[in-house]
Amino acid sequence: MNLTVLAVDDSRTMRDMIRLALVQAGFTVHVAEDGINGLEVLEGLEPDAIITDINMPRMDGFGFIDAVRAQDDHRATPILVLTTESAPELKMRARNAGATGWIVKPFDPIKLVKALQMVAG
Amino acid sequence: MSDPMDPMAEIRASFFIECEELLEALQDGLNQLEDGGEDTETINVVFRAVHSIKGGAGAFGLEALVRFAHRYETVLDEVRSNRLVPDHEALKLFFQAADHLSDLVRACRDDQPLPEETSAALLDELDKLLGDQTEEEVQPQDFTPLGVSLDLPGLSDLDDAADGSDPIPCWTIHFKPAFELYETGNEPQMLLRNLCALGEAEVSCDIGELPGLLDLKPETPHLAWTIRLTADVDEAEIRAVFEFVEGLCRLDITRDADPAAAPEAAAPAPMPDAAAEPGDPRPATPSPAPEAAPKAGSAGNSSKSVVRVDLERIERLVNLVGELVINQAMLSQSLESAGLSPHSDAMNGLEEFQRLTRDIQDSVMMIRAQPVKSLFQRMSRIVREASAAVGKEVRLITDGENTEVDKTVIERLADPLTHMIRNAVDHGLETAEARKASGKTEEGHVRLTAAHRSGRVVIEVADDGGGIDRQKVLETAVRKGLVPSDAVLSDTEIDNLLFLPGFSTAGKVSNLSGRGVGMDVVKTAIQQLGGRISIASERHRGTTFTISLPLTLAVLDGMVVDVAGETLVLPLNVVVETLSLSSEDVQMLRPGANVVRVRGGFVPIYDLGAMLGYRPVRTDFTGCIVLLISLDDGHRAALVIDGIQDQRQVVIKGLDDSFYRAPGIAAATILGDGQIALILDPADIIAGNGPIRVPDRSLKEKRADHG
Amino acid sequence: MAEQASTNDLELLTFRVADQEYSLDIMSVREIRGWTRTTPMPHAPSYMRGVINLRGTVLPVMDLAARLNLPSQETGDRNVIIVVHLNGVLTGLLVDAVSDIVAMTVDDLQPPPDMASEPSMAVVRALTVIDDRMIRVLDLTAVVPNRADDAA
């Protein structure tokens, strides 16, 4: 299934890895390097899902999710949060901000693809 | 080494490049913290740098790196959340940890053995900062790095329907989404579909709670589902489907009575994490992101579009452009010798070609230009280590970090600069007591600056220490037989004795800069870069070393001259003027040493052809052409040559000095006819010949001192 | 015995220097090129002939006769330069003429007799006989000095 995914992460390595994992699974991937850039890239894009990091310059993941959810077009777009900690607090915080689910870094590409398919189709 | 076709290897390589950038940001941030930059974004940047290194390291299974970065990050997080206010010592530790992190990154990158002992020691120190908080929310062992393999199997395991011959368990699942489930972008339909993918499912929708159309509030969930699932899965697998909506729905999973199964399985499974009335639409605890609200401009994350290019490709391009320049020179030479009119189309075209070639060359050189920042950051580490080793408090002040220099120059500057910085800390600066006694701050200062100045890069290393003790220097030089005991030298000449091979002023050899490397090695290294080094020192005020370097190692504006049938190139920037000698211009100072009168002054004259061993010494200089050159120490010299060909830009070719390095020769170039011409280093030639002393004012002063 | 593993096979490039026959393992030879004028290096050891342009890089050229303490010959168009590589460094060796490439096995080589008084023998690592002519096999590492030797 060809999903279109927007991945937002300030680490180039992470972006590269997400892109590689998803392209290999046949997805279309757009990337952005922080929340602000993410919103810019999101404009005119209708991704099936969004992946975002939390710790980012300029606008962090929480702020980004807030801003995405505030847009009518993306109120229901699945958003997965990338987090290095499996700490429940962070998951709860992400969810309270409107995140659909989470992926623990370092991610397993198979799980990443699976998680996206679970939430987006 | 790495397979270019392997995307993981490529990402790994790019990860290490990113690490360098992150380490640089980390250094910057720590410097700002040290300077009292209390702004929250700074600590965020520092935290994020470490965090991102950890994240990437985890992906590649670099456990040691992850472990260290994790603890470091934990401490930084304490600072970030204002639970820890770093004092001077803590900042020092942060710098050390940053240095160590960079060591770990490099060790991982180069597959070198990891400095485990330092890791352990620093981890202990970091733990001490955390105090009793080892019970903090993130347990280090919680974080298990996971190597990533990107061989995606066909994802077939996603819909593996069980069809074994064992009795397939039957599950009843009650699922009632809460309001927040929709709010977080989760979709019951997706969940149901994922559930159905586990096996055979029978889904019924419970619309019992659905109000009449008039009372129907959009976005208020009323629907509930009951699913009967026949699948060879355990409860955990079913729960996994609902992982993201845990606590956002009511979920009851029961295993149907089955002779093989335990009867108590019917008990409602506990719902971890979702103790309080899961069905209730709880008001979401507001959690605005406080720490990194959009802060335009402050983050310094200029989204300039950047292309990463393999250095090898650039080298190739640089070489090709070099060939182009040589070829262009050959072409113009042959066109000229063909006797074409300067106004002919061919000659006009050639001129345009020349201009384009030069533009291309300049542009290519700019690709290799890099700010000296990374180099300066390495030096701040050297200062930290060196000052700790000799027990001095030293502050490094840098300026001009964004000055751009050819990458190769930067790389080859690291060693000499390291040595100079160590020298400044070790020998240049006094001890804290001595500083206090002379009314200075106890903390010594070393200033490292870079700037562009008239087509060259000038790098200065200045300390505010005691200055050069010239008497001691002279005594040492005499004792070591470097100068005759009756030598009368100017201050500048004495300072320059430091550059003589085998000179060392330190009374005792410290384990820091006394590593058998003297300033002579520094000087040689700088000269090999086409650079010059000079000293200025004032007693009790400090010493400044000034390095002047060409912007690039690839080209040189040269004067092409003839000497004894050989073609030689001199750097144009040392040439002050050219003179044609008449018989009375040259005066003998003593046998073998002559001077030429230039506008009332006397300038020593050097016969290049003889100095290079191309021919015997001349006795009559009548009719000779001399180049008046200016040396770094302020002296002038006149070089005798046979003729000037022209001034042109030449491509510098390194000389392989693995078995012979000619004194006075900096490099070589290839001329238009394919022949090699040597590029001279005038200062080196004269130094090698033993400078000729000419009476000047400073000498008289000296005499007065001694008289 | 002569039919050993192929690792024992070697090929020698034989050439003439000051009317003597020498040879080098072909594996260390990069190319052979005609004589071109060298640019002399100031104050270089007598065996350093100078440098030439080898397709854009600067190649140091050594006068092999001078290096072996043989009488130096007049240099002209008939001379050739053998470009050898040793530890990643290219060096040109000026010789009179290249003669042949001969295949043999290591068993055909004999150690040179111990004649310490003969300085040029120190660079000869073995002797062999081809068509009744004695061929000296040069030890390239001894011929091309490294900088440490030079400084000593």
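Here the Cβ of each residue, glycine as well, is placed from N, Cα and C on the backbone.
Region 'Disordered' is the annotation TrEMBL gives to one range among B:260-304, B:395-439, B:440-484, and that range is B:260-304.
On the 0 to 100 pLDDT scale, the model's mean across the domain 'HPt' (B:4-108) is 84. Look at the domain 'HPt' (B:4-108): DSSP puts its residues at 87 helix, 0 strand, 18 coil. Just so you know, the Cβ of B:His51 (phosphohistidine) picks up 25 other Cβ atoms within 10 Å once every protein chain is counted. Under DSSP, the residues of the domain 'CheW-like' (B:555-691) split into helix, strand and coil as follows: 18 helix, 72 strand, 47 coil.
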